[in-house]
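S.K.: Here's a structure for you.
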Amino acid sequence: MEVKTIMLLFQILAISTLKQGSAHVPDGYVEENVALRGRATQSAQLRGEHAALAHASNAIDGNRDSNYHHGSCTHTEGANPWWRVDLLQVYTIASVTITNRGDCCGERISGARILIGNSLENNGINNPQCSVIGSLATGETRTFHCPQPMIGRYVTVYLPKIESLQLCEVEVNALLPVN
């Protein structure tokens, strides 16, 4: 436990030297997609004919293919949907990269919030906000930088409206010390 605490303190020290809004990776650190190591879940999975293609884990499979029917995207149902990855440990997160669905419905993601923190209260929706997806073109991949690096275990994408949430890839870019 001591080693983890010391590493976390070094990460906090490193990020405290960053300017707010900076995308700079501090010396001695690298950015790595830690979502690949995590476990994904979502508010409700699409039902019906294409339900087998809609699993939450599809958004962290390392595949940016934006065609839903190729089996690498997730799809929710219901009002105010959310998708979440449990990173299984706490990381210092600089940004989140999202790949939007490309074969249709790209406008649905508009207004989604990217939330990062250590709480599962309200399914992670009460965690601090990293960014808001104002709009994202159909099939587009874009990186959303947090105003400053954030510390958290859970990354939630929450869509506060009556619409389905469809994500083809979610990459959580954490700052890791170079070994």
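Each Cβ is built from the backbone N, Cα and C atoms, and glycine gets one as well.
Residues or ranges marked as Ca(2+) binding site by Swiss-Prot: Asn58, Asp61, Asn63, Ser72, Cys168, Glu169. According to Swiss-Prot, the feature alpha-L-fucose binding site maps to His75, Arg101, Arg108, an assignment based on similarity to another entry. Residues annotated as disulfide bond in Swiss-Prot, with similarity to another entry given as evidence: Cys73-Cys168, Cys104-Cys105, Cys130-Cys146. What Swiss-Prot lists as region 'F5/8 type C-like' is 31-179. Here Swiss-Prot flags 1-23 as signal peptide, drawing on sequence analysis.
Show me how these features fit into the shown structure, please.
M.R.: Other C-beta atoms found within 10 angstroms of the C-beta of Glu169 (Ca(2+) binding site) number 23, with every protein chain shown included. In the three-state DSSP reading, Glu169 (Ca(2+) binding site) counts as strand.
Around Arg108 (alpha-L-fucose binding site), the same-chain residues at least 6 positions away in sequence with a Cβ under 8 Å from its Cβ are Arg101, Leu159, Glu163, Ser164, Leu165, Gln166.
In the three-state DSSP classification, Cys73 (disulfide bond) falls within coil.
Cys104 (disulfide bond) carries neither a helix nor a strand DSSP state and counts as coil.
Listed in sequence order, the residues of the same chain lying 6 or more apart from Cys146 (disulfide bond) and placing their CB within less than 8 Å of its CB are Ile93, Ala94, Ser95, Val96, Ile116, Cys130, Ser131.
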S.K.: State which of the following binding-site residues has the fewest other Cβ atoms within 10 Å around its Cβ: Asn58, Ser72.
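M.R.: Ser72, out of the binding-site residues Asn58, Ser72, has the fewest neighbouring Cβ atoms within 10 Å.
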S.K.: Using DSSP, would you call Cys130 (disulfide bond) helix, strand or coil?
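M.R.: The three-state answer is strand.
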S.K.: Per DSSP, to which secondary structure element type does Cys146 (disulfide bond) belong, with helix, strand and coil as the options?
M.R.: strand
S.K.: Does anything in the same chain, at least 6 positions from Cys168 (Ca(2+) binding site), have a Cβ under 8 Å from its Cβ, and if so what?
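M.R.: Listed in sequence order, they are Asn58, Ala59, Asn63, Arg64, Asp65, Ser66, Tyr68, Ser72, Cys73, Thr74, Thr99, Asn100, Arg101, Gly102.
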S.K.: List the Cα distance (Å, whole number) between Glu169 (Ca(2+) binding site) and His75 (alpha-L-fucose binding site).
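M.R.: Distance between the two Cα atoms comes out at 12 Å.
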S.K.: If you count CB neighbours within 10 Å, which one among the binding-site residues His75, Arg101 has the smallest count?
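M.R.: Result for the binding-site residues His75, Arg101: minimum number of other Cβ atoms within 10 Å at Arg101.
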